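Handing you a structure now.
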Amino acid sequence: MVHIKLPSQQQALTSMITNCLSAAKQVGFAIEDIAISPGHCEYIAVIDQDQATCYSVLHDAVQDPSSINNADRYLLYLNGQPLPEILNDKTLYIDAYFEGELHDVWLNAEQEYRVLRSSHVIAPLHSERHLAWFFTCLSLEFSLQDALMLARAAMTVPLPHSSMNKLREPDSSVSRETWPTERFLFPTPLIMVNERSAKFNWNCIEKQWFDYQPIERDKFNLYPVVTHYRQIEKLLMLGVKTVQLRIKNPLQKDLEEQIKHAVALGEEHDAQVFINDYWQLAIKHQAYGVHLGQEDLQVADLKLIQQMGLRLGLSTHGYYEVLKAAQFNPSYIALGHIFPTPTKQMPSKPQGVIKLKLYQQMISSLMPHEPTVAIGGIDLSNAKQVWQCGVSSLAVVRAITEAPDIQLAINQFAQIMQEDLADVAEPA
């Protein structure tokens, strides 16, 4: 059960949050276990499994938030004013003006700066609606950064020319009860050169342009992830055309030999073999591609990977990371993890198929769009519902590596994907 506790001065949010929850229900979310009730303090509290996070809403950029109360987080609406010179670590700064655009800026739990850019101001009269979407998304177990993404997307419409002279209130024709799915509605997560800098600086915004080689989409369907080149050899001989070598231990003695053999096998079988994490060795042995996580974006030489002609796949876990990854123009975007999985320890919660479908809808709303692969706990029992979300590929681990009959498992996955494509192709 999730409880949203509202202080007396914020009771008007009740009906707004109810409307937002109705929009969530329309796209498939279960909202029966979300309750809105009066609180007994000055905070807005979101309580999930006895873990309470308290938020305080501010509209005065001069006052020190910590002098007002001791909330876990503060939402400060700047309404187009510049960021304060000194930022409070607990504050989410909404609508900070810089170079003709509006920005939401905050420091996350890992002490990394996050910035969303939008062309649209949240007018003071509409800040409560923004709050309603924000707290609705938190109650649906979206991350803080995704809740901010969705709240902004639900509020805004594009303007033809972005300038402070043309900022206006959101178009009243946009339904308040519709879940945002169009990609153009979402803000842009800016890429920071140094997310962990001691002080926020607008000059830390990444301005490089990336564009990686495309994959062959007709080979991008079943995507096994394995730990040894011998497994790659067997899978390629059975007709698999895309595979990833994921070796977790960087100190493994035969690491480079494994990568060398994997690359050679890909060339021999005309297959797309991706190397997980070890981009230096992937470059050295001229791999087809490399797969990186979000944490690698700050340390990998992304420009060199591009210059050497490698394909790039990026892991993502939600709206924020998807749209951040999209700015690198990767060869594909991985969406995960969908279901609980023992093969990798994950800091994020399983996304589930409702969120997966929404991420894919948002990605697909812009054409052409990036190929996508769903990953995490996918097996024959759930592959059909994942595939029906519209992803380009299914990444599988144990469903292949632990299958009693690997060829049979490959054929069964292929049948699921082909049957669904046939269903879509049939006229109504």
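Cβ coordinates come from backbone N, Cα and C, glycine included.
Copied straight from TrEMBL:
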{"type": "BINDING", "residues": "GLN244, LEU245, ARG246, ILE247, LYS248, ASN276, SER315, LYS344", "note": "4-amino-2-methyl-5-(diphosphooxymethyl)pyrimidine binding site"}
{"type": "BINDING", "residues": "ASP277, ASP296", "note": "Mg(2+) binding site"}
{"type": "DOMAIN", "residues": "228-400", "note": "domain 'Thiamine phosphate synthase/TenI'"}
Measuring Cα to Cα, how many angstrom lie between ASP277 (Mg(2+) binding site) and SER315 (4-amino-2-methyl-5-(diphosphooxymethyl)pyrimidine binding site)?
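Rounded to the nearest whole number, the Cα-Cα distance is 11 Å.
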Could you state the CA-to-CA distance between ILE247 (4-amino-2-methyl-5-(diphosphooxymethyl)pyrimidine binding site) and ASP296 (Mg(2+) binding site) to the nearest Å?
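Spelling it out, the Cα of ILE247 (4-amino-2-methyl-5-(diphosphooxymethyl)pyrimidine binding site) and the Cα of ASP296 (Mg(2+) binding site) are 15 Å apart.
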Please identify which of ARG246, LYS248 has the densest Cβ environment, defined as other Cβ atoms within 10 Å, among these binding-site residues.
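Counting Cβ neighbours within 10 Å, the top one is ARG246.
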What whole-number Å value do you get for the CA-CA distance of ARG246 (4-amino-2-methyl-5-(diphosphooxymethyl)pyrimidine binding site) and ASP296 (Mg(2+) binding site)?
15
Can you check what DSSP calls ASP296 (Mg(2+) binding site), collapsed to helix, strand or coil?
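Note: ASP296 (Mg(2+) binding site) is helical by DSSP.
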How many Å lie between the Cα of SER315 (4-amino-2-methyl-5-(diphosphooxymethyl)pyrimidine binding site) and the Cα of ASP296 (Mg(2+) binding site)?
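About 10 Å separate the Cα atoms of these two residues.
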Please report the distance from the Cα of ASP296 (Mg(2+) binding site) to the Cα of LEU245 (4-amino-2-methyl-5-(diphosphooxymethyl)pyrimidine binding site), rounded to the nearest angstrom.
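So the Cα of LEU245 (4-amino-2-methyl-5-(diphosphooxymethyl)pyrimidine binding site) lies 17 Å away from that of ASP296 (Mg(2+) binding site).
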Neighbour count first, Cβ atoms within 10 Å, every protein chain included; then name which of GLN244, ASN276 tops the list of binding-site residues.
GLN244
Pick from ASP277, ASP296: which of these binding-site residues has the biggest number of other Cβ atoms within 10 Å of its Cβ?
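Ranked by Cβ atoms within 10 Å, first place goes to ASP277.
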